[in-house]
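As given in TrEMBL:
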type	residues	note
TRANSMEM	108-128	transmembrane segment
DOMAIN	170-355	domain 'Aminopeptidase N-like N-terminal'
ACT_SITE	GLU462	active site, proton acceptor
SITE	TYR546	site 'Transition state stabilizer'
DOMAIN	686-1001	domain 'ERAP1-like C-terminal'
Amino acid sequence: AEIYRIQLPRNMIENSMFEEEPDVVDLAKEPCLHPLEPDEVEYEPRSSRLLVRGLGENEMDEDEEDYESSAKLLGMSFMNRSTGLRNNAAGYRQSSDGSCSVPSLRTMVVCAIVLVIAVSVIMVIYLLPKCTFTKEGCHKKNHTMELIYPLATNGKRFPWAKTRLPSNVVPLHYDLVLQPNLTTTKFAGSVQITVNVIQVTWNIILHSSGLNITKATLTSAGWNQAKPVAVLEYPIRDQIAVVAPDALLVGQNYTLIIDYSSNLSDTYYGFYKVSYKDEHAEKRWLAATQFEPLAARSAFPCFDEPAFKATFLIKIQRDEQHSALSNMPKNITIPVAAGIVQDEFSVSLKMSTYLVAFIVANLKNISKETNRTLVSIYAMPQKLGQVEHALDTAVKLLEFYQKYFHIEYPLQKLDLVAIPDFQAGAMENWGLITFRETTLLFDNKTSSAMDKKLVTAVIAHELAHQWFGNLVTMEWWNDLWLNEGFATFMEYFAMDRTFPELQTDEEFLKVRFKTMMKDSLNASHPISSAVQSSEQIEEMFDALSYIKGASLLLMLKKYIKHDSFQAGIENYLHNHSYGSTRSDDLWDSMNEITNGTLDVKKLMKTWILQKGFPLVTVKRQGKSLHVQQERFLRSVESENWTSDASYLWHIPLSYTTNKCNPFLCPYAYLLDQKSATIELQEEVAWVKFNVDMNGYYIVHYAEDDWNALIDLLKNNLTALSAKDRAHLINNIFSLVGIGKVPLLKAFHLLDYLVKENHTAPISQALFQVNLIYDLVEKRGMQDLAARVVDRVEKLLRSKIDQQTWTDDGTISEREFRSTVLAFACSHHLGNCRTTATKLFEEWKASNGTKSLPTDVMKTVFTTGAKTDDGWEFLLSMYTSSVSEAEKHKMLEALASTEDVRKLIWLMQTSLEGDLIRAQELSHIIATVIQSLPGHLLAWDFVKENWEKLIRKWHTLNLETAYIAQPEMHIFLTPQVKTFFESKSEKVSQLRCVKEAIETIQLNIKWMERNLATLQQWL
């Protein structure tokens, strides 16, 4: 799946209940407990009522209940309550007159022995080392105690007490029949699941969410007929238990048949419905799926964990005027009722449930065959003219990946489908990739250079997933980075190889910088993190899994060299095709190639199991370079805070000098200690570490070395690559943020920009200055904010004046034009607004028929929308445009107005989802929040509509979390914190909420540290 460059991550977060689950790491290592047999113990959450072995459904005596409650407090379940307590109770014989006689000597002895044993057991249990008592028992490898089990919705014992499914039954094959009704917006389904029994059991535990199960039967080759089975439901964990009539035997296959019904979802998750306008402006509906990570269970009962791979035979019953698509090619269509037909698709390859997909709609397509695979692009009929770029791109990339991996794409067809209302950027369903329209459609008249790059990047990402994720899948969501980090890395690598003119390495550099900002927070997490609950799983779909994962792979590729890296990847894919993997499997595959020369596993574990990244400090003395590492952390603690000494990375350092040997440059050094000394052949004038920023670390230099690099930029800037220059700008401002470098030195470095002609350094400089501008402006210091802009204008005035309002030049030059002119017009620099206004008026006079240069189109629209007439005209053009690229630019311009009423109307209209699609709300809010009047307005809107937002987007996703991010008002911290804490403990503990609050606190601290300097200098 793709979280692409304009803040369009997919994730929404499911509701979970009260349980705190143990670390997935512990569970993964533990042998799977056998399912609960009929005489074992359970409990109902938040209830004092317990069902205890031997008591069945009978009520307990009051003091027995108290006794059991005490046991629960000790974290223990009693093994033999009925035989122990009740048999012992027989020792107290009642006399004929109803009074109790004195217990017999035998009884007293027995009781004494029992008491001694009980005390001993309790002492032993409490003295067991490293044992944590929870609702799930004592988490040691050898369980000597039984788990306490929850109750199903009908009050009966639910025979499983963990979030993860047991591994005693595994699915082999699904036969799925679905009947979606786009008129009633309901669907009926029937699934036959063939399972194999690994350990004897009486229960089959699987997932189901929001499905109304009407019938369930179980059959086996050894049985004469299908037998009805009871189904217990435990919705807190989306689990159901099928209770078998007989023991299910090891090695046997059984077929579970479940009939059910449900509603098509009105969120963006599961099997959901979408309304759209057809070419005649008539309202129509389509149904589509988005299952990753946890929503296949809301479309059909299934073993909804990535490691439970199986084959799928899918049949869709539909109205004959619609068409259906699924992962596999269509085999046959047969009539089943008046006006209703059934499409049957080929049996799939072995795959995870989250990759299953189906669509029922009226779409048109164009196709092209390559290497026996039919590649098709589907879109709404009126947009079919915008799919040609996507088709050519997909074919080229599919051919590239097959050659690079030396593994053919294994399906006969590959469909790429533009869905008119889609939350994610795209989703990699095997053979049926779904896209938001802006990430698949390209219109020559209205799509810019950046739009072209975006479409190409998302296609490259999703096609990479057909190998990384689909063919080889992470075993559990803690290693999501294996999917997303690899797909992101391959996206940039494949584009660089296949479309070098797009110059994507600059884009990769930019997103690495942004990701490191997030990763330097205390609220960050290791990219391989123990996850268990649905919230934890969905929070893994963040920039770290995607971009940090890709960055670490880039660093490894540069260190072990490309040929070894490619061989390691090949090895990994071949070894684990159609299987599930952990991070160690990748490192083992790499180690087979390095063959003892480097322990890749040892090196990379320091990067994936620790959060954050290192700060490498370099001090040059004569021919010696002294280097040391510590964690780079933007801390809200006091100034004398010191880095956690326990952090240690194995860092593949790279460096260059003014006397670097061209055959050996850049030099490499593995820093696997806290500090080291590197000896040079001779003394040098300057040294630059982390060449081209291929490593995932920040570099700080001694003052003399910073001064040497600043002089180098001013006098001989081409001695360093454009990426190195951008890297120095990024690093020095990052170091200002933690108080290691004074702000004036960072601005001193920027003075060289008068000579800079490359996009990457100027983009990074504008990004850093814009962060400062936002902090100052949002604090109401307009005069100081204007002086910050004046300073930048002095450096870039000649660059601004040189820009032409055309689409000429290389992709890099065109992107540069878009960036510089957008900056100039938004800050009233030069004659930018005059030119933009003139172009807008000409476009408006032609009623929108005059072509505008695509690279400056957004700037022209944004300037035009400053007036009431311009805004209203732009809105009318937005509603009639069929180009998604054009609509995207128009919407951003509409959301850039400073008219508060218009901003409220835009956000409200998008939330309603009719005139402006609900998928656009996050984009609107992200734009609104950037303006002075808008940032408070956006925050109020979110607070007022919180429940609606949660319902539509499942709950806080990254886009919604973005609302509380850096643009938040400097004084809003208490409000933000109080608001999130008032929602629930679950919401306040979300990582994105912690990141938001931490970022706001860091902004305040930055201002306290640097405001006086800023005022004095400017």
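A Cβ is built for glycine as well, from the same backbone N, Cα and C atoms used for every other residue.
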Average model confidence [pLDDT] within the domain 'Aminopeptidase N-like N-terminal' (170-355): 96
TYR546 (site 'Transition state stabilizer'), number of other Cβ atoms within 10 Å: 29
Cβ atoms near GLU462 (active site, proton acceptor) (within 10 Å, other residues, all chains): 29
Pairwise CA distance, TYR546 (site 'Transition state stabilizer') versus GLU462 (active site, proton acceptor), rounded so that it is a whole Å: 13
